[in-house]
Amino acid sequence: MINIVLFGPPGSGKGTQAQHLIEKFNLKQISTGDLFRYNMKNNTELGKLAKSYIDKGELVPDKVTIDMLIDELRKPTETNGFIFDGFPRTANQTEALETIVKDELGAEISICLSLVVEDEVLVQRLLKRGETSGRTDDSNEDIIRNRIKEYYTKTAEVAELYKKQGKYVEVNGIGEISEISEKLFAEVEKIK
Ligand code: UDP
Ligand code: MG
């Protein structure tokens with residue numbers, strides 16, 4: 001299996017690049033953010049709970065997110081592997097993911113691909129996305145800045161854990177979308 005953690009701050013292009021990676025390598029994407037938005041749209045209990053954090057630009061608590069991820073991974077699918085998009089977001093989630101991937105799939109995380117984009121570019125991209133996405137967390141600069149702050153205080157340390165395992169690769173996330181995809185593909189080819 002190829003199991004990819006697609007990593008980077010909000011607005012770094014994870015969702016876009018995940019689409020290209022799943023097509024290229026026949027993978028299944030699991031985006032915890034998309035799962036939360038699906039639940040919010042359908043007004044489930046999980047959705048209501050998640051909304052109370054997401055609307056402030058905060059992270060949803062680990063337990064809630066991890067349980068949702070386990071449910072998703074248990075759904076039967078035919079795939080060469082998974083792309084985890086926007087997860088893990090804390091050190092605790094990183095450790096949990098290692099166990100879950102081992103227990104549920106008998107596999108490991110192969111690589112952590114990290115998209116690097118500077119903060120001011122992120123803010124501009126997210127404000128632009130907010131014009132059409134309908135996402136409340138993209139609509140306001142203060143919420144966007146809080147998401148970036150959460151990234152530095154809670155999520156950036158995820159990179160350190162994958163660095164220690166020798167699985168961490170950075171790719172410049174600014175440039176043509178197709179060029180960035182090619183760079184990501186090349187990194188996956190190296191470990192195939
Ligand atoms: N979120 C979270 N845990 C996750 C994924 C998402 O808490 O594992 C919440 C968090 O509030 C985040 C929001 O959902 O700001 C949107 O996340 P998503 O990954 O969809 O957006 P992105 O950061 O990629 O723009
Ligand atoms: Mg996303």
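Including glycine, each Cβ sits where the backbone N, Cα and C put it.
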> Among Arg74, Arg89, Arg129, which is the one TrEMBL gives for the ATP site where Gly11, Ser12, Gly13, Lys14, Gly15, Thr16, Gly175 also bind?
Replying inline: Arg129
> So which of the binding-site residues Ser12, Gly13, Thr32, Arg89, Arg129 sit close to ligand 1, that is, with a CB under 6 Å from an atom of it?
Replying inline: Thr32, Arg89
> Taking residues 6+ outside the region 'NMP' (31-60), which of them lie with a CB under 8 Å of any CB in it?
Replying inline: 14-15, 18, 68-69, 72, 84-87, 89-90, 135-137, 142-147, 149-150, 154-155
> Which has the fewest other CB atoms in a 10 Å radius around its CB: Gly11, Gly13, Gly15, Gly175, the listed binding-site residues?
Replying inline: Gly175
> Measuring Cα to Cα, how many angstrom lie between Lys14 (ATP binding site) and Arg89 (AMP binding site)?
Replying inline: 13
